[in-house]
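Everything below concerns the one structure shown next.
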């Protein structure tokens with residue numbers, strides 16, 4: 001009876017010690033879970049590569065998507081960071097860079113290896129690590145060291161492109177034609193890149209013949225935009241805020257709208273609709289978009305002569321519920337020169353490229369989609385890491401919680417599938433999409449201008465990084481630069497253009513009040529440098545104080561338990 005009592009007492013002490021450890025871990029903290037975190041995980045865009053970049057294709061994945069310079073894989077295996085605290089494996093998008101293309105020496109490719117006795121018509125990009133051009137009998141080919149063999153397959157379904165095969169001897173050089181058959185894809189490698197560039201050149205030629213070029217008089221050249229926003233970008237911001245105000249007014253009345261610096265890649269929302277065969281739409285160069293995961297939607301297939309057709313590619317991220325074939329004869333009805341989507345829509349085809357219209361004699365598989373800007377949202381209640389005490393005291397920046405626009409707008413799976421019964425009319429989203437389609441080229445130019453300003457400013461403030469966080473605050477107050485994004489403040493009335501200037505004035509006032517404080521200037525000015533040491537010092541003292549007590553308690557409990565078992 002005494003042994004049983006001692007054993008229960010020992011178990012109680014172990015349980016109590018475990019609770020103390022849990023409390024200590026909780027004291028140090030895992031960090032708070034951001035509001036809307038599950039939604040953000042659900043709506044992470046594939047090409048954002050939330051799971052990071054890996055060197056090889058993941059062993060366990062359910063879906064893959066071409067992202068231009070890399071391929072995204074939706075993994076679920078036991079890789080690093082894939083286990084979720086809620087139980088089970090957390091899916092995440094991991095990206096693998098595509099094979100490198102080695103540039104030619106002085107612009108002239110060398111001769112092909114002697115092992116290339118036969119020239120393959122296709123070679124998948126997963127079968128080699130890097131490639132370069134070579135010449136044989138006056139023709140240019142690709143050559144690489146074969147890493148593995150592979151059979152051609154319909155990985156994305158029988159209505160999609162055939163994935164190229166890999167033939168040859170592993171470890172030996174292989175050569176293949178840079179132009180693959182029109183219905184074969186090398187998984188986004190150099191062959192697909194050449195096809196995409198060829199389509200762009202064909203479309204440029206069509207546009208050049210369709211629309212006369214504008215010649216500016218030397219005395220009437222357009223003036224540079226400078227640091228101010230052009231009307232197109234302002235329209236995108238205002239339209240986005242209007243839609244956000246209609247769907248989520250609480251968030252819209254106090255928030256930051258953040259645009260990614262560099263080339264914008266809008267998000268595509270697959271929809272169903274009716275295309276028109278009147279050709280009354282403008283044709284422009286395709287632009288990249290960021291699609292969601294796999295979804296069921298109607299598809300459009302273009303059939304034409306392989307020799308004269310324009311291969312726009314085959315969409316990968318969707319399952320076709322139905323396929324409407326647009327043959328060459330159909331597209332020539334009424335002297336039609338292009339296939340037009342409904343207003344506010346685009347065609348999304350191969351390599352995630354969006355087309356405002358499809359030219360005559362196009363070849364491929366496309367879907368209809370609306371697009372929303374590449375904009376993230378920061379709640380106005382989120383503390384923005386302005387360069388005040390944080391940087392004066394040499395503290396690290398706080399992580400800013402960005403909310404994807406799809407989450408902020410409340411676009412659900414029902415919306416993506418074309419469902420009805422939405423709180424806000426789908427017409428509202430299409431209106432925003434139409435605005436973005438019209439201004440996508442100008443939008444790219446404006447954001448690139450802002451990127452140039454960051455680069456110029458970075459050279460000036462290379463030793464004072466705080467300047468990057470108030471970009472253009474002293475140059476007109478355009479936006480706040482946070483984590484490679486350009487953020488604009490908005491309230492219920494719209495975009496507030498003087499917000500950055502007000503923040504700058506408030507920051508100067510706070511710094512002046514801080515430096516005027518005698519405590520701050522104490523210790524001959526060493527106090528700002530001592531503050532960063534207080535946190536680690538306090539943690540060390542706490543560990544040295546509680547550590548021996550915890551270890552002593554655990555040792556005594558284990559010793560008592562062993563003695564109880566022996567007796």
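From the backbone N, Cα and C atoms, a Cβ is placed for every residue, glycine too.
Taken straight from Swiss-Prot:
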- 255-258: motif 'CXXC' (MOTIF)
- 255-258: disulfide bond (DISULFID)
- 402-422: region 'Fusion peptide' (REGION)
- 423-473: coiled coil (COILED)
- 479-486: disulfide bond (DISULFID)
- 483-519: coiled coil (COILED)
- 526-546: transmembrane segment (TRANSMEM)
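Location within the structure of each feature annotated in Swiss-Prot.
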residue	record	Cβ within 10 Å
255	disulfide bond	25
258	disulfide bond	25
479	disulfide bond	27
486	disulfide bond	24
To the nearest whole angstrom, what is the C-alpha distance linking residue 258 (disulfide bond) and residue 486 (disulfide bond)?
5
C-alpha spacing of residue 255 (disulfide bond) relative to residue 479 (disulfide bond), in angstrom:
13
What whole-number Å value do you get for the CA-CA distance of residue 255 (disulfide bond) and residue 486 (disulfide bond)?
13
Where residue 479 (disulfide bond) falls in three-state DSSP terms:
coil
